[in-house]
Amino acid sequence: MRECISVHIGQAGVQIGNACWELFCLEHSIQPDGTFSDPPSSDDSFATFFRETSMSKYVPRAIMVDLEPTVVDEVRTGTYRHLFHPEQLITGKEDAANNYARGHYTVGKDKVDMVSDRIRKLADSCSGLQGFLIFHSFGGGTGSGFTSLLMERLSVEYGKKSKLEFAIYPAPQASSAVVEPYNSVLTTHTTLEHSDCVFMVDNEAIYDICHRNLDIERPTYTNLNRLISQIVSSITASLRFDGALNVDLTEFQTNLVPFPRIHFPLVTYAPIISSDRAYHEQLSVAEITSSCFEPNNQMVKCDPQQGKYMACCMLYRGDVVPKDVNVAIAAIKTNRSLQFVDWCPTGFKVGINYQPPIPTPGGDLAQVQRAVCMLSNTTAIAEAWARLDHKFDLMYAKRAFVHWYVSEGMEEGEFAEAREDLAALEKDYDEVATDLFEDENEAGDS
């Protein structure tokens, strides 16, 4: 088997975890107590995410960690309390108080050995561990500080195993702390060399999608997380179901990451429509494919027209045949002004999974016959870093709030180091897009 272990860290990670496991259970007909509602089919691909116990119960290969108990306690007492083994839910007594240094140096340090042991137990129950999916936010103290501490540890203990992150990018609408830019820059710097691929989700983009496409007046975290869980489900469907293509974690990297540091694909999902609208719309493969190139459906606010594509991966699910996909992609190539970098063939990697998306009961999304999730590596995503770096600079110029970090044992030099690394990352993106212009001009002159 090629198992994946999911690690949910901090409030955002755990709450997204709740939404994801609720959806995975629905998709695989597993009840909240871990038993099957329908007898399992011969396809046991779901075992990549669930482990069977001696009592024929299915337990998620997952761990939830938070440095304070309230959010994980909701799992311990909620509908899915019997799904997880108590040892998979780990909490501390005091939170990281939105402070990266507390999550990484003081409070987090005390917990990392225990978390590491629990992950080791999960890994030992796998026959061929493929890698880790790590869910967290950039802005929280636990999400930023503890995640980077744990990723360093995973790199040491499981060297070559893939590590993919689903990371929540801070947004003004749903901001929970003024120091989010500090935490985000620090965690990105620390995890850059440990992470293989990071799918960023910008809360502001998701907030707007819920508001605009799903007619939710004031979207809550529950609304946001349910939408995020559909995206995670699409990206991981090929690992959990027998599919035609894209079955492996390493395959994502091979197809999406041209250089080790340029590992932040842009995620777009379609169709995102409410039940009322779905009633009146028939969404063909061509239409949903075209929707993926609308900036309104992106999970991070940026303008792909201003950037260049390095790679594109289309993951379809439901009632989709390859012929329709080929026609749809050919139309995109002719109708849209997609700019690919010169050194990259304009091939689209396609995955098709025949399992249609299942909406959560009582959720906001309509039941549709087919959906697509596009993962594209585009230089436009550097805009997200530029926004974050700008906010970091405004505060750091005044050294605002820095004493809270230093008093937790962090050195002030780490701020400058992290900021320089992100400046280098922005420059890397620039070079990927522009280096080749110079070559063209020289070729044109000669």
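FYI, residue positions are counted from 1 along the chain as it appears here.
Using the three backbone atoms N, Cα and C, a Cβ is placed for every residue, glycine included.
A helical conformation is recorded for GLU251 (active site) in the three-state DSSP classification. Sequence-distant contacts (6 or more apart, same chain, Cβ under 8 Å) of GLU251 (active site) do not exist in this structure. Feature annotation from Swiss-Prot assigns active site to GLU251; the stated evidence is similarity to another entry.
The annotation GTP binding site is assigned in Swiss-Prot to GLN11, GLU68, SER137, GLY141, THR142, SER176, ASN203, ASN225. Same-chain residues at least 6 positions away in sequence with a Cβ under 8 Å from that of GLU68 (GTP binding site) are, in sequence order, THR91, GLY92, LYS93, GLU94, ASP95, ALA96, THR142.
Secondary structure from DSSP puts GLU68 (GTP binding site) in coil. Under the heading Mg(2+) binding site, Swiss-Prot lists GLU68, citing similarity to another entry as support.
According to Swiss-Prot, the feature motif 'MREC motif' maps to 1-4.
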Residues GLN11, GLU68, SER137, GLY141, THR142, SER176, ASN203, ASN225 [recorded GTP binders]: greatest CA to CA distance in Å:
23
Is it possible to get the count of other C-beta atoms within 10 angstroms of the C-beta of SER137 (GTP binding site)?
29
Three-class DSSP secondary structure - SER176 (GTP binding site):
coil
